[in-house]
Amino acid sequence: MSGPGSMASGAAGSAEGPGDATRAPEQALFPPAFSVSEIKNKQRRHFMFLRWKQQQRKEKLANKKKRRKEREALGDEAPPKPVPKTIENQRVYDETTVDPNDEEVAFDESTDEFAPYFNRQTVPKILITTSDRPRGRTVRFCEQLSSIIPNSHVYYRRGLALKRIIPQCISRDFTDLIVINEDRKIPNGLVLSHLPDGPTAHFRMSSVRLRKEIKRKGKEPTKHQPEVILNNFTTRLGHSIGRMFACLFPHDPQFIGRQVATFHNQRDYIFFRFHRYIFRSEKKVGIQELGPRFTLKLRSLQKGTFDSKFGEYEWIHKVCLSVIISG
């Protein structure tokens, strides 16, 4: 026996037209004050977050198609495209940015510690070493780094202090010393010292990828001398760091090898990549990463060779203590 509730529902169902029966269900929309973080169940919260991200992508794509159609309809009368806001173009102008053609900068570069290299008075000879008792990943990284820096040699410290290694390097005509530090079996630091008079730079290293960890990598690099690209080293400090990296490679690259080492400075992070390029046509060029890759962050720049006790520092990265305390 059916009750009044079922009769009412039946009457309402009979009142619906044939078009209403085939109507597609409306898309579930999030309420205006909805917050995914309010969901207690972790799996449900993750599912709803992915669903919300998918909805955001659809709306963004729809707006992009709408703007494209409007621009095609307007033709030449379409307004210019707005410049997107990025971290790079929103940065405050750095007052230490210098003009490479400035006379004062040219004089400083002609008398600094790197002048003998740029005057072709010295040939780069690099010593690559590690912290004491390196692990397998650090050893492989040093070997791959040696394969892309010509005339570089890998030696292990065996407990020797850097103050004892540096005089031996100078006596054997090494021009630069690279020390790879590690923590928990992962390379996390790089010390670069220009010999014999310095300076010495200490970098924090991150995002290290060996060759076998890079997707779609090319074949092993050849022994040709690579080209070097130093991008965006425009400040006083950047000039010194860029010249220090340039001193690691010979003057005359062998273009037949089609290999290029890139140091790209962006937001005070230095990204290193090693590629091989090929000219597919007069206008198209293909590149293939060979590896390894890593990212550097300058921690300090010290005058002279490495001296942890009495060294004089030109620049030290300072962390804002107020941010740490408030955070």
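Every residue gets a Cβ built from N, Cα and C, even glycine.
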- For the record in TrEMBL, which of the ranges 1-37, 112-148, 223-259 is the region 'Disordered' one? 1-37
- Item | Averaged pLDDT, computed only over the residues in the domain 'Brix' (124-307) | 93
